[in-house]
Amino acid sequence: WEFNGSFHQPSAFLMMGIPGLEALHPWISIPFCALYLTALLGNCVILFIIRRTPSLHEPMYFFLSMLAITDLCLALCTLPTTLGLLWFDVRSIAFDACLAQMYFIHILSFIESSVLLAMAFDRFVAISHPLRHPAILTRSTVLKIGLAIVLKGTISLLPIPFLLKRLSYCGRTELSHSFCFHPDIMNLACADIKVNVFYGMIILLSTVGMDFIFIVLSYILIIRTVLSLTTKEECLKALNTCVSHICAVLVFFIPMIGLSMIHRFGRDVPPLVNTLVAYTYLIIPPALNPIIYSIKSTHIREALLRALCRKRG
């Protein structure tokens, strides 16, 4: 233990693996490696295809590029500590390193939430106002939206590490996961954490919570517009452009809401459930999103096939 000013801070935290299955960590690492490899390769392929295909240089695919970059960074944030624990049983993480990892995990999660909202807005404009879509979402507008998303996530979460550093820690140093999560660190403190709880809840509701509400509203308006179309074929064609995005929203928000509820209210939830929900939240979306968009997007699928054919030729 180190004594910093008037606060006790541990020199390191201890990360936990999968409760009750510690002996099977080497075997459990195999599906984790497969998911991380899928996330890294899949998102890199999406970025490569969009960059090399001029016909994909439009708002929908620019936002998809932002989503791929976010997923790539999110996977890289948790990969070292998760695989280090599963492969080499490296459980210790320095206090400041833990705060840094926690900060970037939460920033990237907030950015992904906002990017999904931007993609929902893009689908709403494309379906409701197709003729005005290119004029509303120009390249400069998309760039400004991207910068605003990054700044919002970075600035809103900036106080979190400092709020955690001001706390005094004594006794337990075991984290619930193989990565650092704000409620997890906060609950190890033996000081008053009301400020941390209040600020965390306010930021979560005002960012991710509002994003989710506006995504739902966007799809209500989209459905209302689609139902006003004259033919069934037009309805199905319009809805088909939204299927991949709806899947990405569900894959991201359901585990995120579940994990937040477990950390704040699920004191009696078994540790294994907590761990599985956490891994589902941080590892599954980066791995599944490239697959979802590759399967559902005809343009990406065709561009990928053309790239493969050129390499074989």
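For all residues, glycine too, the Cβ spot is worked out from N, Cα and C.
Just so you know, TrEMBL annotations never went through curation; they're auto-generated.
Taken from TrEMBL, the feature transmembrane segment covers 24-50, 62-88, 100-121, 142-164, 197-222, 243-264, 276-295. The domain 'G-protein coupled receptors family 1 profile' annotation in TrEMBL covers 42-293.
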Fill in the blank from the handout: Outside the transmembrane segment (276-295), at least 6 residues beyond either end, the same-chain residues with a Cβ under 8 Å of its Cβ set are 18, 32, 35-36, 38-39, 42-43, 45-46, 64, 67-68, 71-72, 74-75, 78, 82, 105, 112, 176-177, 179, 181, 244, 247-248, 251-252, 255-256, 258-259, 262, 301, 304
Problem - Positions whose Cβ lies under 8 angstroms from the transmembrane segment (197-222), at least six residues beyond its ends - result: 109-110, 113-114, 116-117, 120-121, 123-124, 127-128, 152-153, 156-157, 159-160, 163, 182-183, 186, 238, 242, 246, 249, 253, 256, 260, 264
Fill in the blank from the handout: Across the domain 'G-protein coupled receptors family 1 profile' (42-293) the predicted model averages a pLDDT of 91
